[in-house]
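Since the structure comes first, as structure tokens, the remarks are kept for the end.
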There are 2 protein chains.
Amino acid sequence: MPVPEIPWFQSASRRRRYLAGISGGADSVALLHLLHRAGFRDVVVCHLDHGLRGQASAGDARFVEKLAASLGYPCESGKADVQAMIRETGDSLETAARDARHAFFAACSRKHRCPRLLLAHHADDQAETILWNLLRGSRGLSGMRAEQVLQMDGKPVECLRPLLTMRRDELLAWLVSEKIAWREDASNAEPIAARNRLRNEALPLLSDIARRDITALLNRAADSSDELRVIERWAVEQAAALDPQGRLHVPRLRTLPREVQSACLYDYLRTSGVPELSRDLVARGLTLLDADGPPAVNLPGDRVLRRRAGRIFIV
Amino acid sequence: MPVPEIPWFQSASRRRRYLAGISGGADSVALLHLLHRAGFRDVVVCHLDHGLRGQASAGDARFVEKLAASLGYPCESGKADVQAMIRETGDSLETAARDARHAFFAACSRKHRCPRLLLAHHADDQAETILWNLLRGSRGLSGMRAEQVLQMDGKPVECLRPLLTMRRDELLAWLVSEKIAWREDASNAEPIAARNRLRNEALPLLSDIARRDITALLNRAADSSDELRVIERWAVEQAAALDPQGRLHVPRLRTLPREVQSACLYDYLRTSGVPELSRDLVARGLTLLDADGPPAVNLPGDRVLRRRAGRIFIV
């Protein structure tokens, strides 16, 4: 079986260093082998034991260390106690596991002076994430980005997901054809009941109802939504609704369609650091544009959005 | 129980005539009673028997005629043989049922000189439609519009959906509290297996997984997608990528982000009547902008998208 073609590999520099988050599950094992075959030599394998799989965890760590050694890559192994973090902070499993990973990857990033982290998410993970975000009330459809800078423990880390267009089956078929071993269940470092149910119940049911491959459909639909968001950002720039002092210019705003006003106000509030932005809050903010609207709208955190002398600004 | 508040009722003129599509099911019966209580007097009840429910159909028609008479509304009853249409045209049940309704409503619209048609779709129908469109590969999320002009049998008919923000449960609770009767199953004039499975299996499963009211979430997410599409249309206007002859202006296009170029080309192809527009086709069209791209790209229907002298146009 031919080696799967990864578009990102074509343009990525082999001379740079990359961190790679490797659980030992099929997806990340495939990523590591594919990197090696594609000639990436300066890769640091980063493996975090979340402390959630008991004895099996130690086996995962040994497996990843051996794998790294066999490919000639250095390996960083970390250990977190996510259950203890949950007891301490009251956070959800998802949040605690993410914080543990972020702290670990940030430490690896500092130690190896490398701001780039490769992650093994693929198109099936993406479909699950899109549906998951939809169920949590995302704006439109949104999934993971192929390239995204995340703040991890105060450090900006560029997360790269080269496999995001690949299907899980393609990766598995390749591993099997190459007789490459992986750790079963190791990728389930996030045993989140809801996400597992999405994968095992919802996506198959929807595919069955649609008689189509819903994973591919969700991926394409999310791409369209991403495009629309880029267009929205461009529209906000074109709207040029800020005055030289960075306040919203009421006469200019009034010339724009309601939806563009909304996008401009959302952008203004977001860049001003207003937390908990909601559609409702933006809608209330827009009442400042009405001739008989109020002169001020309360914002979270004791701040106020005020209209005065043809400008809207935060005080 | 108080009469549910329907925002559309506040601004709609009581002096105009409206057609109302009434199946006899709970939703449309609620719509008709609510219209009557809100003081709408010039309403023509339009009931189509799709010929799909056998004996029960005649009962539905009698029920709707009596209901209309009791409220003092005239009633138009039509009868279609959707199964025969399917045998003749090979169309799907969904398409044939829609064509039958369109022909009937267009005839009612002509006879009563009324271009407005009220439909009883509510937020639960909307959630189902959003998911259904997603499963069929819609761009982003899209549902039904609260106001929409549809071409029915060559006649433009303005479809109005005043209940689109109401939940099915609210409507049912009100009907029960008012001791108003309806015909069970009559609203299932479209007994489409896939849609019924979405309603009865997929939406409950997703709500259970999310532990949230997925119907409300889907409705809000689709509203956001609609807003993004309005912003996209505005962005295409702002992009001003057409020359005075209505051809795409290559130097101007090259100043725009890829996603805006894509939206401009899509809009140009759509308004030029190019059928079967796909993301792929638009992506291939955009290669005309590359310095080393081809000078022409084939379009469906023996047409060609060509670049010449700094313009892109269809020949």
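Every residue gets a Cβ built from N, Cα and C, even glycine.
The annotation domain 'tRNA(Ile)-lysidine/2-thiocytidine synthase N-terminal' is assigned in TrEMBL to A:18-201.
Per TrEMBL, ATP binding site is recorded for A:SER23, A:GLY24, A:GLY25, A:ALA26, A:ASP27, A:SER28. The DSSP secondary structure for A:SER23 (ATP binding site) is coil.
The domain 'tRNA(Ile)-lysidine synthase substrate-binding' annotation in TrEMBL covers A:248-312.
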Using DSSP three-state counts, the residues of the domain 'tRNA(Ile)-lysidine synthase substrate-binding' (A:248-312) come to 30 helix, 14 strand, 21 coil
If you count the other CB atoms within 10 A of the CB of A:GLY25 (ATP binding site), including all protein chains displayed, you should get 19
Ranked by how many other Cβ atoms lie within 10 Å of their Cβ, the binding-site residues A:SER23, A:SER28 are led by A:SER28
A:SER28 (ATP binding site) - helix vs strand vs coil (DSSP): helix
